[in-house]
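Asks: According to TrEMBL, the record shows the following:
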type     : residues : note
SIGNAL   : 1-23     : signal peptide
DOMAIN   : 9-149    : domain 'DUF1468'
TRANSMEM : 39-59    : transmembrane segment
TRANSMEM : 66-87    : transmembrane segment
TRANSMEM : 99-116   : transmembrane segment
TRANSMEM : 123-144  : transmembrane segment
């Protein structure tokens, strides 16, 4: 399958997923507080952004000239193993979050994912992982006042 077809298929699938997310949030309960935007607001914003980005990908894919299918680099076993390890790391992060909480699980997960994606700096991987995890925690905990998992080991 060519990259052009893959981009189009992925875009259509993502648009369908985003549309179903918007349809699902229609049943979310409305808030009675005047200052609360409601539970459906953020999923709708994210789904709308996903639809917009997918449409941009479709437009850019259709505008780009079709390149001749040359003997490009094949993915190989290492590429598939990296994807499988990334999926395994995601499942491990979700499982670990129940026990150790958001912070430690996400920081370790991000460092592992960065290493899988080729970022091999022993100094910057943990620094960036902790920094981004802290930023996300601050936004959700303090700005949005969304509780994040603490973990059963720390309760």
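Just so it is clear, glycine is given a Cβ too, placed from its N, Cα and C backbone atoms.
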Asks: Where DSSP helix means H, G or I and strand means E or B, what are the helix, strand and coil counts for the domain 'DUF1468' (9-149)?
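Replies: Residue counts in helix, strand and coil order: 100 helix, 0 strand, 41 coil.
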Asks: Report, as numbers and ranges, which residues of the same chain sit near the signal peptide (1-23): CB under 8 Å and 6 or more residues beyond its ends.
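Replies: Result: 43-44, 46-48, 50-51, 54-55, 57-58, 61-62, 64, 66, 69.
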Asks: Pop the mean pLDDT for the domain 'DUF1468' (9-149) in here, whole number is fine.
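Replies: In the predicted model, the domain 'DUF1468' (9-149) has a mean pLDDT of 86.
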